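In what follows, a structure is listed as structure tokens, so that the remarks can point back to it.
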């Protein structure tokens, strides 16, 4: 995975999070009317998807950092010979 993919995926996840926040603000103001069962379903989906998205982005960032640390170690070991 390159850093461009990580950047795009983090931006998409942040956009999804902002969309969820925007939706719940509109619902709290009464601009969007829906039944309680639909509101609970949307809340459940948000509670499941937002932490998953945050965990996914953390794994992407961690894999990029470990890859760069590994390449630095390999290049320093080659110079020692």
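Note that the numbers count up from 1, one per residue, in the order the chain is shown.
Glycine residues also receive a Cβ, built from the backbone N, Cα and C atoms like all the rest.
Remember, TrEMBL labels are computer predictions, not curated facts.
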Annotated range (TrEMBL: transmembrane segment) out of 36-54, 55-73: 36-54
Cβ-Cβ under 8 Å with the transmembrane segment (6-24): same-chain residues at least 6 beyond its ends: 32, 42-43, 46, 49-50, 53-54, 56-57, 60-61, 64
